[in-house]
Amino acid sequence: MFYENNIFILTQSIQRDQRLLNEDVESQIGRIVGRVGPAMLLTSVSESIAFFLGALTPMPAVRLFSLYAAVSVLIDFFLQITIFVTFITLDHKRTIENRIDVFCCLQISRDKTNSQPRCLSLPRVSWFKPKISKKRPSISNNQSPLQTPLGSIKSDETNKNIFRQSSKIEPCEEHLMEMDGFLFSLFKKYYAPFIMNCYVRPTVIFIFFTWLALSIALLPYVKVGLEQNITMAKDSYMIDYFSALKEYFAVGPPVYFVITQGIDYSNINASNMICASAGCSSKSMANQLGIASLRPSETRIAQIGTTWLDDYYDWLRHRGSTPCCRLHETTGDFCSTNAPLNANCHPCTRSTTREALTHYEFTKFLPYFLKDNPNYKCAKGGHAAHGNSVALSDEDKTVETSLIMGYHSLLISSGDFIEAMKQAYILTDTITRTLQTAGYDVKVFPYSIFYVFYEQYLTIWHDVLMNLSISAAAIFVATFILLGFDIMSAFIITLTIAMITCDMIAMMYIWNIEMNAISLVNLVMSVGISLEFCAHICRDFILSAKGSRLKRAEKALAYMGSSVFSGITLTKIGGIVVLGFSHSQLFHIFYFRMFICIVSFGAAHGLIFLPVLLSYIGPSPNHIRKTRIHRSRSMRKSHPLQAMSTEMS
């Protein structure tokens, strides 16, 4: 839907063109493609390069889309410049021979009399008998030297009038020889003169730059994330589920604070930096997590469970009728509290203090603790609560990594999830610095099940800035090269695209559209689509060889603006409106709303702001084009038709 623009521009150029004397259809199509093709190449190559560079982002969704879009644009351009040109040439011949669209073997008869109006008669079969030749005959009273596909059959007097009018065309006229229509007449007679009015132009500049300033002011307020209920249909039962979560739940998802390898837990000083029981450091990891849970509205930590280290020490020193840690007298194996009463078992350790626990005892009894199921005799068995909290080495059974479990506060919106993840990272960074200051080369990091989905939003603005900057830089370089090293044109096009993009992001805040991978893909796409609205008019302005900036901008707006409006704006809006009736909230918000903004803002900047800006700071006329026009003037007196052909090429 977004890359058929070149087809409409090329088709309208063919419809508005007038065939030259002794020119066959193939030569006419080739001349038109040579005129419109560079603009098609400019937009396609620029968009493709921008998309290829956009694939440098680490975000998988954006990278895959950029690669797919870049290759699609190149394939689309190749098909347009080859197969489509072939088909439209055949269709052009069919039109000239007055054949019916689908049933090309049927031909509508012509009324060649001047006295009676031409009417549509029953088709007669003409089995592909050629009606034109490669070389057109010389001018006679019954044949016009200039024919259009829609006006190739005219009376003798009309043909003479056309020839006389064609010889009066000024050399400075645009290369598009218009076929008068309502939209073109509207642009040329009313719209373009109105926009280029001396009072309207300053107003346009003021309005659009004020719009840009307001958009920049709104950029920091755009929300980040993707609400879960948006991904559901409007009548989905999951909407009620999310509402119930918000109303009845008091705690959020669990969070795990993981300690990497690098600390000896059997050392009393090291364990004091982890545990939370009596004798532990006030700056220990467990104590810092406990303090954070006292401020759940700020830290998003609602509760912290007991650490495995504290429970392990309690399990070792538990006494009473049945100690938690016991060994068989004869075998030395672990003797659980569920063993028979007559079992010959004794406590694992003689001392009940942490300081007296040796490295050998700590390492030997820890696997027993992690496998012991809690019961009414020993509630500190660690299998249920901490069975997966400690990773032991296969060689010496020392602790490699461990974790402390807690719970986030109630999280409902995407902002809640992202803020909880941010606060968890801030908290673990503080704990890591504390442990490293104490001399332990370890790192603490948080993990929760939803982090994998929301991790992207921590760097989303960096990805947005990087992708859009790379795309804009690629378009600047491509337009600078393909427009004949015209730096002013490249700057104007890039500035207009940047303004459209800023206005798009600001509209996301107004329309409550969040910044995420989907909206980033749409923004990258908007850069390529915005080029369509700018490149054709700007190139037409550059190729205008006569007149002031104001006159050249008015001509470019009148001739190419009508094509951009009908071939790009109207066709896109027609395809986007259908998305507005989608039952999916995701399609309605991220595709209908954003796409309608892309097309609307692109049309407003391309058809209003850009021509006015060109009338003020537009580049000078193309020197090659200007030299060709001067040469054609000298040829016109002796060979008027040849001169006209030179001007139109």
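Placed from the backbone N, Cα and C atoms, the Cβ positions cover glycine too.
What TrEMBL lists as domain 'SSD' is 1-90. Secondary structure of the domain 'SSD' (1-90), assigned with DSSP and counted as helix (H, G, I), strand (E, B) and coil, comes to 73 helix, 0 strand, 17 coil.
Taken from TrEMBL, the feature transmembrane segment applies to 39-59 (among others).
The transmembrane segment annotation in TrEMBL covers 65-90 (among others).
Look at TrEMBL and you will find 134-154 (among others) tagged as region 'Disordered'.
What TrEMBL lists as compositional bias 'Polar residues' is 141-150.
If you look up TrEMBL, you'll see 198-222 (among others) marked as transmembrane segment.
Among the features that TrEMBL reports, transmembrane segment is placed at 464-483 (among others). Taking Cβ pairs closer than 8 Å, the transmembrane segment (464-483) reaches residues 38, 41-42, 45-47, 49-54, 56-57, 62, 66, 489-491, 493-494, 497-498, 501, 515, 520, 523-524, 527-528, 531, 535, 538-539, 542 in its own chain, all 6 or more past its ends.
Taken from TrEMBL, the feature transmembrane segment covers 490-511 (among others). Within its own chain, the transmembrane segment (490-511) has Cβ neighbours under 8 Å at 208, 211-212, 214-216, 218-219, 221-223, 468, 472, 475-477, 479-480, 483, 519, 523, 526-527, 530-531, 534-535, 538, 593-594, 597-598, 601-602, 605-606, 609-610, 613-614, 617-619, counting only residues six or more beyond its boundaries.
What TrEMBL records for 556-578 (among others) is transmembrane segment.
Here the transmembrane segment (590-618) has long-range neighbours at 192, 195-196, 200-201, 204-205, 208, 488-489, 492, 495-496, 499-500, 503-504, 507-508, 511, 513, 518-519, 522, 525-526, 529-530, 532-534, 537-538, 541, 549-550, 552-554, 556-557, 561, 564-565, 568-569, 572-573, 576-577, 579-580, 582, meaning same-chain residues at least 6 beyond its ends whose C-beta is under 8 angstroms from one of its own. Annotated transmembrane segment per TrEMBL: 590-618 (among others), in sequence order.
The compositional bias 'Basic residues' annotation in TrEMBL covers 629-639.
The region 'Disordered' feature in TrEMBL is assigned to 629-649 (among others).
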Task: For the domain 'SSD' (1-90), would you mind checking the mean pLDDT of the predicted model?
output: 82
Field: Same-chain residue ranges lying at least 6 outside the transmembrane segment (65-90) that approach it to Cβ under 8 Å
entry: 3, 6-7, 10-11, 14, 25-26, 29, 33, 37, 40-41, 44-45, 47-49, 51-55, 57, 467, 521, 524-525, 528
